Amino acid sequence: MVAAEAKHPSVYLKTAFTTLYYRFGAFFILGALAVGIVVPYNDEILQAVWLGAGGGKGTAAASPYVIAMENLGTSVLQHTVNALILTSIFSAGNTYVYCASRALYSLSLDGRAPRILSYCTSKGVPIYCFAIVMLFSFLSFLQAHSGSAVVLTWLASIITGGILISYIIISITFLNYYRACQVQGVERRERPYYGYFQPYGTCVALVFLTLVLLGYGYYAFRPSWNVETFFQSYSMQILSVILFFGWKIINKTDSVTPDKVELVWERPRIDRYEDATTEPPLGFWEEMIHIVGFPTKKGMLDA
């Protein structure tokens with residue numbers, strides 16, 4: 001999604017994909033391992049928070065990282081973790097606002113949303129899409145009231161199911177792309193980015209994501225059947241199937257076969273776009289320095 005607005009998509013996206021593995025490994029896998037060592041499953045604070053006896057559920061106090069710092073007996077680190085969680089919330093908010101507004105904009109360009117949503121400012125911002133997306137941020141105030149928080153819980157559960165479906169669709173799309181490259185004789189190693197362990201890595205991800213999606217609302221079946229919990233967990237899954245097949249039946253669309261997937265003729269447009277951008281790509285640290293306002297090497301040379 002970011003590729004459409006990146007100055008050098010072949011360079012920047014390749015770098016982003018490459019560093020993604022290290023960031024996931026350091027912040028998620030190692031972080032979860034470290035917290036799991038310090039905070040056992042039977043931790044009294046953890047159980048008190050999540051079972052409702054100690055309060056704080058749904059807040060930063062329920063974070064295993066904060067509990068880990070408290071168990072270590074530090075008086076500063078837990079506040080540092082809270083500050084980091086706050087910055088992560090801002091980062092996640094920016095990401096989802098960007099993705100949602102661009103998704104609406106794309107739907108408008110394809111004729112699947114009102115045409116007025118395709119309007120952009122002189123800076124290229126789809127302002128009407130942005131305004132609609134920002135309206136949904138006010139739903140967060142539902143958490144301020146216990147009764148309204150039930151609605152927010154429903155929305156959060158449904159949206160989470162939608163995110164899982166999105167990753168499943170991404171995996172299926174890549175498998176179709178991989179098959180199309182084989183059928184059309186396109187060498188993936190000649191592309192700007194080459195993913196290793198494919199298609200096996202994607203197949204493993206697809207299986208795990210499907211299992212997670214199916215078991216997403218397992219607590220609706222335990223200890224007894226709960227209709228509300230079932231629809232809270234599986235509404236998006238049911239709706240996605242209905243919308244997918246409903247769209248294909250109503251519009252009589254056909255599935256794109258591997259030999260008809262467009263892999264060649266759109267590439268020259270991207271090459272011309274990158275060639276027209278005279279500004280050379282920046283490295284990661286140079287880009288960070290440029291964001292905070294300090295002059296970069298390129299800026300000093302231009303001056």
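Just so you know, the numbers here start at 1 and follow the chain as drawn.
Placement of Cβ uses the backbone N, Cα and C atoms for every residue, glycine included.
Over in TrEMBL, the protein carries these features:
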DOMAIN    1-253  domain 'Amino acid permease/ SLC12A'
TRANSMEM  20-41  transmembrane segment
TRANSMEM  83-105  transmembrane segment
TRANSMEM  125-145  transmembrane segment
TRANSMEM  151-178  transmembrane segment
TRANSMEM  199-219  transmembrane segment
TRANSMEM  231-250  transmembrane segment
Exercise for the section: Mind pulling out the one from 83-105, 125-145, 151-178, 231-250 with the most Cβ pairs under 8 angstroms to the transmembrane segment (199-219)? Expected result: 151-178
Practice task
Using a Cβ distance cut-off of under 8 Å, indicate which of 20-41, 83-105, 125-145, 151-178 has the most pairs with the transmembrane segment (231-250).
Solution key: 151-178
Fill in the blank from the handout: Other same-chain positions with a Cβ less than 8 Å from the transmembrane segment (20-41) and lying at least 6 residues past its termini are 64-65, 67-68, 71-72
